[in-house]
Each structure stands twice: as structure tokens, then as C-alpha cells.
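Visitor: So Swiss-Prot lists these for the protein:
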DOMAIN    4-63  domain 'AFP-like'
SITE      9  site 'Important for ice-binding'
SITE      14  site 'Important for ice-binding'
SITE      18  site 'Important for ice-binding'
SITE      44  site 'Important for ice-binding'
């Protein structure tokens, strides 16, 4: 099973992502792959992301589609 990126804390809208905000976890449905965590650093979320929420490609501004 592939690990996805999950919010490690509440991430407010328009916040630039940092490593501390994200963790990898095997979840369903699958979100952004965990190996993309380094690419996500400094990208902004376009909505508030609650703790434990899987990051989906449409939540991150400028994240390339799969």
C-alpha cells in the first residue's frame, strides 16, 4: 500500500507547507504520494486542512496533477 501525505496539524488556508505540518500514512482514499513531501514544502494550501486530513492534489496550489 502506498503512503499518502496527511496533515500533522491544522493547516490554515493560504499557509505555506513545511515538513513539520505533514506526515506519511497509508490511508484510503489515497492522496498525494508521500514521496512528494519534499516538493510540497513552501507550496500553499487553498483551504483549511484539519489535523489528520489526507492532502489531495486539489488542496495544494500549483501541485501538478498526477
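Including glycine, each Cβ sits where the backbone N, Cα and C put it.
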Visitor: Cα-Cα separation of residue 14 (site 'Important for ice-binding') and residue 44 (site 'Important for ice-binding'), in Å?
Guide: 5
Visitor: Fill in the CA-CA distance, residue 9 (site 'Important for ice-binding') to residue 18 (site 'Important for ice-binding'), as an integer in Å.
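Guide: Here the two Cα atoms lie 11 Å apart.
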Visitor: Between the recorded sites 9, 14, where is the Cβ count within 10 Å the lowest?
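Guide: Fewest other Cβ atoms within 10 Å, among the recorded sites 9, 14, is found for 14.
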Visitor: Ranking the recorded sites 18, 44 by other Cβ atoms within 10 Å, which is at the bottom?
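Guide: Each of the recorded sites 18, 44 was scored; lowest Cβ tally within 10 Å is 18.
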Visitor: Can you give me the Cα-Cα distance between residue 44 (site 'Important for ice-binding') and residue 18 (site 'Important for ice-binding') in Å, rounded to a whole number?
Guide: 10
Visitor: Using DSSP, what is the helix/strand/coil residue split across the domain 'AFP-like' (4-63)?
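Guide: Split into helix, strand and coil, the domain 'AFP-like' (4-63) gives 13 helix, 16 strand, 31 coil.
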